[in-house]
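These features come from TrEMBL:
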ACT_SITE  189  active site, charge relay system
ACT_SITE  222  active site, charge relay system
ACT_SITE  386  active site, charge relay system
DOMAIN    55-127  domain 'Inhibitor I9'
DOMAIN    180-424  domain 'Peptidase S8/S53'
SIGNAL    1-20  signal peptide
């Protein structure tokens, strides 16, 4: 994979990592593209592919295939052929299947990019960049039958906590007994340690994993930690959910625009099959990740919510405006995505958390105890908006199980999450919303 990729994903753990490139302004990312007349608009000889170049994601405008009376696959094949490429070419790294978005990812040089930018049918031509993160070391302890401070915070009247130490999880959690039963939660991340004790039931694990990468396990830990907060026994908000790990991030916690869209395609296909089955309630996606603002990523996430799938995303750890990043820029009034910022045990906004109009609610994101990968009973303490996000994902699953009218209504769910949230609870800014299950 080329090293210079646009919108390379980073796991949102709080750290001193600096983005490899500045966030793009909205005029550089979300503004409509200008195109010239004609299918290619250039001398065909100038668009011939040459092996190598940098990796790009190319998305077509909605309905572009139908306008040309072509199937999605035929349309993509036609465009690739005009670039002297085929779907089977080694430089074509993925063809998106049309269940979510139409397009492809490929390694290309500038003359191919110029040709694509001249096509009326093309909506997005976007290069990605790589972002890295750092992570705290894992520590092994055994679980017990108490709750974490984060679970107490989202289910009770706010009471600032000043003595959270180490693996403290002796707090109370108030919730209805349904706890998300019948809801499918998709965690697009580094994977899940499905054998961990917090995911086990009498009939086996409530968690499964599929991967678009060569590795078929969580070899980093972040996804297992996030999943535990969503639906793990003792440490999770909604331990009745079915957890589906989709591994799109590697052992360093990195992925790309291509891998996140591939992961969202998996979710869209699974949702299309599940929604007509008995017992289905809702599909929820957790995205504890982010990048500089990306039209390709935002297009795919919008398409997921338009399909009736709930999406909860991390606001980001740059201590900046969340509107400058993806997918958090789809929060607020910009979409039906729920964007989550972080607070600490004293109910103050975390110093690392992104803020602003694109943040919908805040949730516990510091000193969060959850499941880990070093053994099937290991726990770890992490912090970041990555840790705040699964608290709200769990609440979405919880509310969906309680109210079937919210099951496939992302806009309604977002409104309800904000309605149930508490005002006046966050220190130094009483107007911000603290996520809550309504039982306080």
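We number each residue from 1, going along the chain as drawn.
Just so you know, glycine gets a Cβ as well, placed from its N, Cα and C.
Because TrEMBL annotations are produced automatically, they should be read as predictions rather than curated entries.
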Residue 189 (active site, charge relay system): secondary structure state under DSSP, collapsed to three categories: strand
Conformational class of residue 386 (active site, charge relay system) under the three-state DSSP mapping: helix
Cα distance (Å, whole number) from residue 222 (active site, charge relay system) to residue 189 (active site, charge relay system): 7
Pairwise CA distance, residue 386 (active site, charge relay system) versus residue 222 (active site, charge relay system), rounded so that it is a whole Å: 9
